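*Asks:* Reproduced below are the annotations present in TrEMBL:
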type     : residues : note
DOMAIN   : 27-443   : domain 'Major facilitator superfamily (MFS) profile'
TRANSMEM : 30-50    : transmembrane segment
TRANSMEM : 70-89    : transmembrane segment
TRANSMEM : 101-128  : transmembrane segment
TRANSMEM : 182-206  : transmembrane segment
TRANSMEM : 248-267  : transmembrane segment
TRANSMEM : 287-308  : transmembrane segment
TRANSMEM : 320-338  : transmembrane segment
TRANSMEM : 350-370  : transmembrane segment
TRANSMEM : 382-404  : transmembrane segment
TRANSMEM : 419-437  : transmembrane segment
Amino acid sequence: MLNFFKTRPDLPLLSSSKAEMLKRYKSYQWQVFIGLIFGYAMFYVVRMALGVVKKPMLDAGIVTLEELGIMGSAFFFTYAFGKFLNGFLSDYANIGRFMSFSLLLSGVASIFMGMNTVAFFFVLLWGLNGWFQSVGSAPSCVSIYQWFSPKQRGSRYSIWGGSRNIGEGITWILTASLVSYFGWRAGFIGAGIAGVVASLIMFKLLKDRPQTYGMPDPGTAFEEGTEIKKANDPKETRRAQMFILKQPVVWLIALACAAMYISRYAMSSWAVLFLQEQKGYSLIDAGFAMSMYPTAGLAGAILSGILSDKVFKGNRNIPNLLYGLTNIAGMCLMFFGPDNRIVDAVALSMIGFSIGGLVVFLAGLIACDLMPKNAVGAVKGLIGLCSYIAASAQELISASLITVTEVEGVKHYDFGNAQYFWLAAGVVSVLLALTVWNAKKVVDIDEAEGKPLKTQTAS
């Protein structure tokens, strides 16, 4: 990692009073929190542009359905391995610099997408964009664990988790409107410009670790106990990272998340086309219908933290099961329910709500709670690797399962086989998540052997 992106050395603790330290700490917490929510939402605005422009590009003959599948697969393939590598790097990184620079490059790649007409360069640019986008999630999670104490994290993590739904909502309404009025190029270029501007704002708001500003870790600052010894020791971080790679519970959670991501990205990538072809929606109508999905997802993400912290006393598994069953029910209603726009809205809301919570639980919170806190980025990276390999495969498999017929020069797309694939993935995710119901939380690691030294029952 370049020195510019590395976390800085710890500074001696400031000599100010505790009240002054907490005042500064809370001010920085708010800046970090707002920066993460806003910034991650804009990551999604850039990455979701392709989902809106698919039909206009198909209708204009710019790309074929198979080429769209390859583009989506290239994005998720580079995203998967980028998320794995960048997740590990984020444990050593200055998060503010690392995230903002990546969003800047992602925005530039999207702008070039809007200036292109060659399929090869679409695949190349969208694949590069996948790598830049991979720096969004794990560093955000690392920053939350760096700046917020154990009692603050559940709610902050779930609210941050909802920021992607804000980005999706902006995409389905504003980007869809841009495309409807100005064509598919405007979708890429508009999203790219938004990403570039947002990266500059992120650079101003996000921070390095508290210790680099002469402040203690959040557990100490808010009198909840120090979680990490030698927090800025690369050797300790590497040991913790290697430890999590050997834990079956992390791999099981990663596989459960991977299955869930198949249904998640099936909706994000194909739902607009599904509504247009199977339900007879216009692009504008499909965009507004899809706005129900992220809106409900935002509510689902935020409520996931409240439910697990307040109602289930810190237990993540019970609400995760409820969200998983709701996701399955929503897909059944969407695919097999009556052909009615109100029913579609209810189904999309159910799916969005459940996916919002499932991403919070399976894509980070459950595993990060169970594993050492100086390897949070590695946990996110491993789960991300599995999840986005699955998402990448989903793009190709879904494209192959969608049947194309042509009647009087007009192409029609049938999703009958694809929808069974998406539904089965949701069922598999629920079953895999049940296998880690009684997993133990690792509190400390044996320094010599890298094995659990102390565990406790997870809440």
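Counting starts with 1 at the first residue shown.
Even glycines carry a Cβ here, placed using N, Cα and C.
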*Asks:* Can you tell me which parts of the same chain pack against the transmembrane segment (70-89), counting only residues 6+ beyond its ends and a CB-CB cutoff under 8 A?
*Replies:* 1, 5, 47, 50, 63, 98, 122-124, 126-135, 137-139, 241, 265, 269, 377-382, 384-389, 391-396, 399
*Asks:* To what whole number does the mean pLDDT across the domain 'Major facilitator superfamily (MFS) profile' (27-443) round?
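*Replies:* Over the domain 'Major facilitator superfamily (MFS) profile' (27-443), the predicted model scores a mean pLDDT of 88.
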*Asks:* Per the 3+ Cβ pairs under 8 Å rule, pairs at least 6 apart in sequence, do the transmembrane segment (382-404) and the transmembrane segment (248-267) touch?
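*Replies:* Per Cβ check, the transmembrane segment (382-404) touches the transmembrane segment (248-267).
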*Asks:* Which residues, given as numbers and ranges, are at least 6 beyond the ends of the transmembrane segment (182-206) yet have a Cβ under 8 Å from it?
*Replies:* 31-32, 34-36, 38-39, 42-43, 45-46, 48-49, 52-53, 56-57, 60, 62, 95-97, 99-101, 103-104, 106-115, 143, 171, 174-176
*Asks:* Considering only Cβ pairs under 8 Å, which range in 320-338, 350-370, 419-437 makes the most contacts with the transmembrane segment (248-267)?
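*Replies:* Per the Cβ under 8 Å count, 419-437.
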